[in-house]
């Protein structure tokens, strides 16, 4: 019998869950055992888990979990040595890859969707409330509510902008994240010709790319796995541009090769954007929230958990699973690297 343990989330403004009540029911019906820590932050009520048959326990009880339990554990890089010393194993959900090296489950689509939502909303705010700070965000109950809220604001902002609809440029448009960003733009009524979709074909020559500065909203959705030239430089922002909102969904804030070298902090839902000071009087703000999907915690969790389900079921025969084997091999590799520098 496979034993899963869902911990309570402790990160501020994080409401997602890797296991949803519907996924738990499927697993329980297969004979899995599931313990769920109660959580006031999780988008799913404790009663939703209890109703499908999960065993509910107080926050923090994972410390008493039996050795055979698979525990939903965050921040593995900080606790690597503890797992090594305790002869445990970390199987990181972010590194569960199929034979093609593609993640079996990811929040990318909803990261792009939510990132584009905040980008369009911030552009609207600049038009509707010039000079005022963007108000804090709270999670939306569903996509329909989010789309309706921002579409109403966009209609008013466009009217103030002489009827001109903003152009949204999406970098990495063919990936999960980029598709989410494009879908949101369409959902609020931005015409297809105003959604500029760039991917590897358009960027193969390398940056900088002055074209970005002619879009009002730029959404970066690339996966950065090697050094690349910057998309634009700080000096370029001083010149002629329409760009007033940057959403860095990729959030490579601390990466020395960050292709958007105009900011250095992660923003939060309480303070979603940071100002970029330029010589151009047109405002410019960057959103760099590193857990954007929690703007839509229920739907993003359901999508992630649904994609993850077949791999979770494979825990019944983990020793035969290439996906779980790859995650364990990565853990052993990182442990060995850590030991070598001690």
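A Cβ is built for glycine as well, from the same backbone N, Cα and C atoms used for every other residue.
Automatic, uncurated: that is what TrEMBL annotation is.
In the predicted model, the domain 'Alanine dehydrogenase/pyridine nucleotide transhydrogenase N-terminal' (5-114) has a mean pLDDT of 87. According to TrEMBL, the feature domain 'Alanine dehydrogenase/pyridine nucleotide transhydrogenase N-terminal' maps to 5-114.
With a cut-off of 8 Å between CB atoms and residues at least 6 apart in sequence, the same chain places 110, 111, 114, 115, 118, 249 near residue 292 (NAD(+) binding site), listed in sequence order. Residues annotated as NAD(+) binding site in TrEMBL: 102, 175, 176, 199, 203, 223, 249, 289, 290, 291, 292.
What TrEMBL records for 177-221 is disulfide bond.
All protein chains included, residue 203 (NAD(+) binding site) registers 17 other Cβ atoms within 10 Å of its own Cβ. With all protein chains in the displayed structure included, the most crowded Cβ environment within 10 Å among the binding-site residues 102, 176 is that of 176. Straight-line distance linking the Cα atoms of residue 290 (NAD(+) binding site) and residue 177 (disulfide bond), rounded to a whole number, equals 13 Å.
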